[in-house]
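If you check Swiss-Prot, you get these features:
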BINDING   Arg18, His131, Thr352  substrate binding site
BINDING   Gly106, Tyr107, Ser179, Asp205, Glu206, Ala207, His208, Thr236, Phe237, Gly238, Lys239  pyridoxal 5'-phosphate binding site
MOD_RES   Lys239  N6-(pyridoxal phosphate)lysine
Amino acid sequence: MKVFRQQLEQLGAQNQYRSIPDLIHQGRYITRENRKMLNMSSNDYLGLASDENLRRSFLQQYGGNFPSFTSSSSRLLTGNFPIYTDLEELVAQRFQRESALLFNSGYHANLGILPALTTTKSLILADKFVHASMIDGIRLSRCAFFRYRHNDYEHLKNLLEKNVGKFDRTFIVTESVFSMDGDVADLKQLVQLKKQFPNTYLYVDEAHAIGVYGQNGLGIAERDNLIAEIDLLVGTFGKALASVGAYAVCNQVLKECLINQMRPLIFSTALPPFNVAWTYFIFERLPQFSKERSHLEQLSAFLRREVAHRTQIMPSETCIVPYILGGNEATLAKAEYLQGQGYYCLPIRPPTVPKNTSRIRLSLTADMTTDEVRQFAACL
């Protein structure tokens with residue numbers, strides 16, 4: 001065990017040691033070590049996770065005869081239930097696409113999609129800042145890959161030009177809203193680039209955009225009127241939609257390839273039908289949350305201005321607002337100070353973010369009030 005203890009000691013010396021906190025959730029507040037704090041670190045962007053009215057309406061429709069609490073199997077064996085197909089059809093219909101496929105989590109989706117759809121003769125070109133789950137999926141693909149500079153589409157174009165005709169297919173991989181900086185990919189440019197090169201496919205992760213952007217809450221692709229142009233549009237139900245699981249929107253051919261070749265789908269026990277039914281309930285109502293989306297944007301614009309005034313660094317265009325401090329020690333100290341002031345703010349350090357860009361990732365939710373965010377900004 002000595003070697004493992006040494007690894008932990010090294011993490012501690014670098015201010016990178018992590019532990020799982022004991023938390024009590026009370027709506028938009030969190031209690032930790034007897035301190036009640038406004039939760040500034042949640043991905044519950046629309047504030048639906050603690051909405052008692054939604055929860056009550058969902059439960060009442062069953063009259064005590066609830067869907068099963070377990071699927072007990074993979075969907076390809078005996079773990080498929082009608083509610084899965086119902087949700088896939090609803091998602092596909094809302095996106096006006098041919099097909100949709102459900103997954104247990106966003107991590108499962110990103111881990112399995114690329115290995116299922118590539119060969120050793122394929123190429124993957126990924127934004128430098130894509131999520132760790134995408135990086136893990138790329139590594140498992142065992143094909144050639146390059147990471148283009150973050151949102152640098154000239155660099156991406158150069159990589160595409162250099163590799164024309166060398167591979168059987170090319171996947172461009174990006175997030176729409178980036179989870180640590182809160183900035184947004186230019187999906188229009190990516191679609192244009194994809195169309196310029198043969199056998200090139202665009203894979204966009206909308207985990208932090210679904211629910212929050214677009215007239216119907218379908219994400220940046222909806223906002224930019226590009227849903228039909230993106231080959232694989234992936235999102236999660238576990239953030240703004242207050243549930244669990246993930247989806248991919250695509251054509252029927254790609255869906256069938258994933259069903260036949262995607263290991264995390266084939267070899268995982270499916271989500272409980274009860275959870276899938278809750279997801280259906282929320283997703284069906286997604287267009288109704290326009291007031292929450294508007295309020296969240298107002299809060300976000302205010303906080304972005306306040307943080308930019310203090311740090312002069314503001315890549316964000318969204319409700320994810322990075323307060324970049326640089327060093328681990330300063331970031332840990334600031335997070336502890338803000339927690340002492342009644343705000344649950346968490347430090348984000350390497351390897352989650354690049355070296356010397358440690359930050360507090362501020363994440364706003366629609367159930368916060370304007371006064372609460374103003375009072376928080378005054379503490380910065």
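Using N, Cα and C of the backbone, Cβ positions are placed for all residues, glycine too.
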Out of the binding-site residues Arg18, His131, Thr352, give me the one sitting nearest to Ser179 (pyridoxal 5'-phosphate binding site) by CA distance.
His131
If I take the Cα of His208 (pyridoxal 5'-phosphate binding site) as reference, which of the binding-site residues Arg18, His131, Thr352 has the closest Cα?
His131
Separation of alpha carbons, Glu206 (pyridoxal 5'-phosphate binding site) and Arg18 (substrate binding site) (Å)
27
Going by DSSP, give the three-state secondary structure for Gly106 (pyridoxal 5'-phosphate binding site).
helix
Site diameter for substrate, Å, by largest Cα distance between Arg18, His131, Thr352
19
Determine the C-alpha span of the pyridoxal 5'-phosphate site listed in the record, that is the greatest distance between any two of Gly106, Tyr107, Ser179, Asp205, Glu206, Ala207, His208, Thr236, Phe237, Gly238, Lys239, in Å to the nearest whole number.
15
According to DSSP, does Thr352 (substrate binding site) sit in a helix, a strand, or coil?
coil
Taking the Cβ of Gly106 (pyridoxal 5'-phosphate binding site) as the centre, count every other Cβ atom within 10 Å, in any protein chain shown.
25
Quick check for the class: what is the C-alpha distance, in angstrom and rounded, between Glu206 (pyridoxal 5'-phosphate binding site) and Thr352 (substrate binding site)?
19
So around the pyridoxal 5'-phosphate site, Gly106, Tyr107, Ser179, Asp205, Glu206, Ala207, His208, Thr236, Phe237, Gly238, Lys239 aside, which residues have their CB within 8 A of the centroid of those CB atoms?
Asn43, Ile210, Val234, Gly235, Ala246
